[in-house]
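Working notes, structure below.
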Amino acid sequence: MAHLLTLSELSLSEINRLLDEAETFRNGRPWHPATPMYVANLFFEPSTRTKCSFEMAERKLGLHVIPFDPERSSVQKGETLYDTVKTLEAIGVDAVVIRHHEDAYFEALRHSVGVSIINAGDGCGHHPTQSLLDLLTIRQEFGTFAGLTVVIIGDIRHSRVARSNAEVLTRLGANVLFSGPPEWEDDMNLHGTYVEIDEAIARADVVMLLRIQHERHAEKMGLTKEEYHQQYGLTLERAQLMKPGAIILHPAPVNRGVEIASQLVEAKPSRIFKQMENGVYVRMAVLKRAIEGRMQHGHVVEKWHVVQ
């Protein structure tokens, strides 16, 4: 199976191939599978960008999308994730896109199901397609990753985006810095160095902001939104510290006036909405890879038709 579970399981050449494929889709080259293919999106956590961009990518590729709503499914009757995926496999689904609150939920599935699994986010663990779209956005801007300084600011401990990006950016030759409240530092993330926020922003080629993951916190945040913004947010004053040519990224949803001043969301250095656009092309590339690796009765479906 051509699963996409974490980027750490892909070689750098595989990652670059996905980015190249995404650029091909961005440039307007249409594709569709040689035979009908079916995909289901299983989102057990709320999502706007990831879910909608996967659905857009699936339709652009001519895939048949099977509706699935956990709140109206047998999950409410106690059905396990494994049995849900096996059910979809049994009725003919070829790939599943899954977002789940449990870290590494896919370990119970990867060797036990006959469909391609695409991880759309697992708890605090990984978010591979978000990292890919971030990489594509950075590459479009700078042409390379080697030697860049990427600063990730905010709720590092609870962020799957921070974990995924720090690992892959380090492998690609970037220098990763972290900044944020000390109580939200992630001792398990060894792919970056913690620095004070003003220093981080002044050194950055890429300023990547993270929202506060309230839903993953055992205790309520000790700061008000206004206090957080002043101490750890990208304020209008801090933005003046950015180098010429530095860019702002955010995986969204954006909490304006908390992690970033509202005026900066669509300011000249911001690539936040470009990230969202790139998400469709990246997910098209990921879905294409998943379907190409799909085993059907011992036959790997690899042939895709180019639509002239």
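Note that Cβ sites are derived from N, Cα and C of the backbone, with glycine treated the same way.
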Study note, to complete from the structure: Listed by Swiss-Prot with ARG49, THR50, HIS127, GLN130, ALA252, PRO253 as binding carbamoyl phosphate, from among ARG17, ARG26, ARG99, ARG157, is ARG99
Review point. Given the binding-site residues LYS77, ARG160, ARG211, which lie close to ALA252 (carbamoyl phosphate binding site), meaning Cα to Cα within 10 A?
Key: ARG211
Practice item. Based on Cα distances to GLN130 (carbamoyl phosphate binding site), point out the closest of the binding-site residues LYS77, ARG160, ARG211. Key: ARG160
Check your understanding: Cα of THR50 (carbamoyl phosphate binding site) to Cα of ARG160 (L-aspartate binding site): how many Å, rounded?
Key -> 14
**Study point:** Cα distance (Å, whole number) from ARG211 (L-aspartate binding site) to PRO253 (carbamoyl phosphate binding site)
**Key:** 7
